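A short write-up of the structure that comes next.
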Amino acid sequence: MKGGVHMAVLEVTDQNFADETGTGLTVTNFHATWCGSCQMMTPIISKLAEEMNGTVKFANMDMDQNPYVARYYGIKSLPTMLVRRDGKVVKIIVGVRSVSRLRAEIKQLE
């Protein structure tokens, strides 16, 4: 990214989820290492994190390693993206999305 700080996708856990995703517009990608569809989302999430740097915060959460938050929000299918604004859920996106479709869904919430 020219002239700016590259915003990486955060890795969040049950312990730091609330602190890391509690302010602004955040997209948390719930995934698991065994989930093939989740692996397809990894580069898409990374691309959008770079594009939307500063306006949207992106995070990944391994559901197997961190079951509490997923259980709390009733997440059972993978991949699932939990979109929150200032800690409040504004959208839940289930399944694989193309870059353009996921971008459009997030932009509607900005």
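Glycine is treated like the rest: Cβ placed from N, Cα and C.
The disulfide bond annotation in TrEMBL covers Cys35-Cys38. Counting every protein chain shown, the Cβ of Cys38 (disulfide bond) has 21 other Cβ atoms within 10 Å.
The domain 'Thioredoxin' annotation in TrEMBL covers 1-110.
Summed and averaged per residue, pLDDT over the domain 'Thioredoxin' (1-110) gives 93.
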